[in-house]
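Please find one structure pasted underneath; my questions will follow.
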Ligand code: GRF
């Protein structure tokens, strides 16, 4: 049986993309990573995907007159590649509402904060500045509004007294790499379904929809 074809959209180093590629390489994972697409031709993640024999496409957003034209080209690549699910993994472009509507329920994103807190950029700096004691990451369905879509899975990590943005980012990133493949599996298997503004999660055996990681000893 052929597996659903997933596109991973990146703009940079692609560590979350790698976590998806590695998970999908395991027997029994329910999707195939069919293509990696970057809006930046120099994204390091492109070379990493190629090293894993994953086809890559580069769509330089600067070559398009506006967002709608870029999104139309992106949509054409997704159709051409017969993609049915899209994973944004450090993809640093806002998408038009037409595009997000077309892919509603079939496009997910990972955000380095516990949404709905700390939408947008520089989440680790802002978490430290606010003095929160728990921080984390969220996988959610993508809607027209940035970092707002229905939540599929979250991981929480402690914020330690000595943290810098870099140490906190590293602790969160390690959990991103756990929950992104797990959330993709739930979506691909139809066990995480859009239910209005929420995501209904069916019975799970292995992967909880939230992970709480204890402080290091
Ligand atoms: C990750 O922290 C992700 O949550 C955010 O951007 C970063 C991308 O990192 N959206 P990488 O390219 O996956 O290494």
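Glycine too: its Cβ is placed from the backbone N, Cα and C atoms.
Feature table excerpt (TrEMBL):
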- 5-184: domain 'Formyl transferase N-terminal' (DOMAIN)
- 14, 15, 16: N(1)-(5-phospho-beta-D-ribosyl)glycinamide binding site (BINDING)
- 111: active site, proton donor (ACT_SITE)
- 147: site 'Raises pKa of active site His' (SITE)
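Could you give the neighbours, burial and distances for every feature on this list?
This prediction places the mean pLDDT of the domain 'Formyl transferase N-terminal' (5-184) at 97.
Neighbour list (residue 15 (N(1)-(5-phospho-beta-D-ribosyl)glycinamide binding site), Cβ cut-off 8 Å, at least 6 residues apart, same chain): 90, 173, 176, 177.
Taking a C-beta cut-off of under 8 Å and a sequence gap of six or more, residue 111 (active site, proton donor) has these contacts in its own chain: 119, 123, 137, 138, 139, 140, 147. In the three-state DSSP reading, residue 111 (active site, proton donor) counts as strand.
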So which other residues, same chain and not among 14, 15, 16, have a Cβ within 8 Å of the centroid of the Cβ atoms at the N(1)-(5-phospho-beta-D-ribosyl)glycinamide site?
10, 12, 13, 17, 18, 19, 45, 48, 89, 90, 177
